[in-house]
């Protein structure tokens with residue numbers, strides 16, 4: 001090669017032949033300091049590649065606008081990074097960067113096209129596969145073009161070339177609704193070539209969604225056939241087990257439909273249960289009620305275990321005073337208000353009134369968490385940790401409600417002496433805490449933390465321990481100890497697991513219990529709705545019960561705003577915290593029908609009437625407060641909370657995006673915020689005034 005523009009010569013060695021001279025019209029602009037070593041076999045004189053040669057030639061490659069073959073030293077990088085370029089043989093682009101030693105940069109002429117991580121590097125032999133692995137984006141635009149062209153009244157053209165036509169499809173309500181029903185896919189989906197022609201985007205679901213649904217249906221049908229062979233008539237159409245399965249599936253679908261309106265899924269599940277009961281599509285009375293009672297206990301165990309796993313001990317130590325103060329005092333006020341009003345207005349005995357108050361005072365994380373997450377992603381209340389505070393107190397409320405309910409119900413339905421009843425409270429509290437410490441410690445030692453099966457073993461150990469606590473405490477006559485034991489064993493286990501390196505927000509055992517809850521949530525709320533028979537409802541009970549529920553909620557809001565002093569919350573934030581705790585759902589669904597299940601054939605008619613009143617008010621508390629609470633949290637959050645300048649990055653959050661107690665930072669939060677009520681620091685203000693005469697110095701760097 002010469003530096004004067006003469007044709008450069010290149011020698012190539014062929015097996016068994018003389019070296020051939022290949023000339024290339026190349027002008028060398030500048031010598032490259034680092035040669036590129038290529039293992040690519042060079043062509044011979046007649047232009048054919050040498051498949052058997054192993055000659056390695058060292059070639060200095062410069063800027064060659066007309067070069068037909070590019071030789072690169074390393075394989076192209078796929079994915080991110082600033083040095084990833086696609087296969088040079090894919091496209092003959094004379095302006096792209098050829099190699100790492102080229103003198104020109106892609107920043108001068110625009111970025112080089114990079115290889116998509118969604119495309120396979122190996123060519124497909126199947127034409128349908130090659131056209132369909134990324135068909136979602138291609139067919140999406142094509143389908144929109146076709147639909148828009150029909151609206152515009154001219155032949156099909158691309159969106160960018162349409163003259164005088166608007167994007168009617170993308171601006172229509174149907175398009176928005178279809179996108180709301182469609183979830184984001186984490187990766188490119190394969191589709192048959194004919195799919196978009198028959199089921200066009202966006203009016204129809206993707207092939208992946210349909211295939212997933214078909215898989216679930218096939219699994220369900222096969223399980224039902226197996227159950228029918230084993231159980232018999234109960235699993236046949238018209239049987240009680242078959243009705244429970246149908247109710248669960250329908251409740252899950254109802255929850256999905258309601259979730260499209262951004263309301264909690266449990267509202268749809270509850271309404272489906274009420275519909276099935278009053279239309280006559282389900283019958284869960286009689287001996288089958290024992291099965292539903294056990295299902296409720298399973299769901300209660302999952303709820304309480306999740307509450308314990310969400311609390312990080314180290315963060316709990318810093319703000320335990322705030323959590324206990326805002327969790328216990330408002331709970332006691334609402335429970336007492338509900339008990340007093342139900343006693344005088346509904347003629348319930350005092351012990352039945354306090355039983356009802358202990359259930360109604362619980363807050364539902366199932367309603368609160370999704371709404372607070374939406375506010376958190378927008379930056380509302382993040383600076384003071386308000387979303388996480390509300391979620392943590394909701395967990396404390398659940399444990400307190402279930403424990404007090406267990407103590408009261410044991411006293412009510414026990415035929416033992418006065419001394420036994422007096423011992424209920426201390427024995428239940430100390431026994432529950434003691435079991436939690438022992439079982440939580442065992443969950444750390446067994447299995448060993450380096451075991452390959454540590455996650456499933458810890459999950460099953462915690463779940464079976466919780467079931468043993470619930471059933472064992474009931475069998476021993478101390479029903480209030482079981483719920484405390486479940487929550488505290490999960491809390492202690494999480495304490496040791498965090499010390500071993502696990503993270504509260506990335507706890508795989510929490511993920512397992514979330515999957516359990518996905519299964520039991522439609523069962524629990526479907527069964528709860530199925531207990532309501534509209535024809536048998538008393539209008540006086542419904543109206544007075546609704547008045548008691550809202551009165552207790554309002555007084556709780558005022559109490560929360562009044563006692564939240566010293567927590568660095570302004571007046572608006574105090575009222576928002578109180579508003580967010582008015583939603584009822586989970587505990588009310590699990591405990592509402594329990595009192596009625598405790599009654600036997602020796603119970604009086606008055607006791608059955610009181611139990612029905614408790615169950616009815618619990619269900620109506622869900623119907624009335626769950627949607628209202630979700631709406632109030634979403635609407636008032638943007639009005640009452642302060643928005644941070646830079647919302648937190650939530651990409652590292654774990655699977656459910658649930659706030660963790662570790663984020664509570666009311667005491668020592670230093671994050672930037674826009675809060676006009678916080679006075680300006682005097683020392684900073686004085687320094688600013690003293691330095692006002694100093695001119696601002698700017699630096700300019702010439703490159």
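Keep in mind that glycine also has a Cβ here, set from the backbone N, Cα and C atoms.
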Item checked: Feature transmembrane segment in TrEMBL, mapped to one of the ranges 269-292, 293-316, 509-532 -> 509-532
Item checked: Feature transmembrane segment in TrEMBL, mapped to one of the ranges 173-192, 193-212, 213-232 -> 213-232
Next item on the list: From the ranges 107-129, 130-152, 613-635, pick the one that TrEMBL records as transmembrane segment.
Entry: 613-635
Note to self: Suppose you had to name the range TrEMBL annotates as transmembrane segment; which of 52-71, 72-91, 452-471 would you pick?
What the structure shows: 452-471
Check: Among 544-563, 644-663, 664-683, where does TrEMBL put the label transmembrane segment?
Finding: 544-563
Next item on the list: Have a look at 24-42, 575-593 and point to the one annotated transmembrane segment in TrEMBL.
Entry: 575-593
Checklist line | Chain residues outside the transmembrane segment (213-232) and at least six past its termini with a C-beta under 8 angstroms from it | finding: 241-242, 245, 249
Notebook entry, point to check: What stretch, picked from 323-344, 477-497, 509-532, has the most CB pairs under 8 A with the transmembrane segment (350-373)?
Noted result: 323-344
Notebook entry, point to check: When you scan the chain for residues with a C-beta under 8 Å from the transmembrane segment (509-532), skipping those not six or more beyond its ends, what do you find?
Noted result: 244, 247-252, 255, 265-266, 269-278, 282, 284, 292, 295-296, 298-299, 302-303, 305-306, 309-310, 366, 455-456, 458-459, 462-463, 493, 497, 585-586, 588-590, 592-593, 615-616, 619, 622, 654-656
Item checked: Among 385-408, 477-497, 544-563, 575-593, stretch most in contact with the transmembrane segment (613-635) (C-beta, under 8 angstroms) -> 575-593
Next item on the list: Look at every Cβ pair spanning the transmembrane segment (544-563) and the transmembrane segment (575-593), keep those 6 or more apart in sequence, and say whether at least 3 of them are under 8 Å.
Entry: yes
Check: Taking residues 6+ outside the transmembrane segment (241-260), which of them lie with a CB under 8 Å of any CB in it?
Finding: 177, 180-181, 220, 224, 227, 231, 234-235, 266-269, 271-273, 276, 281-284, 288, 291-292, 521-523, 525-527, 529-530
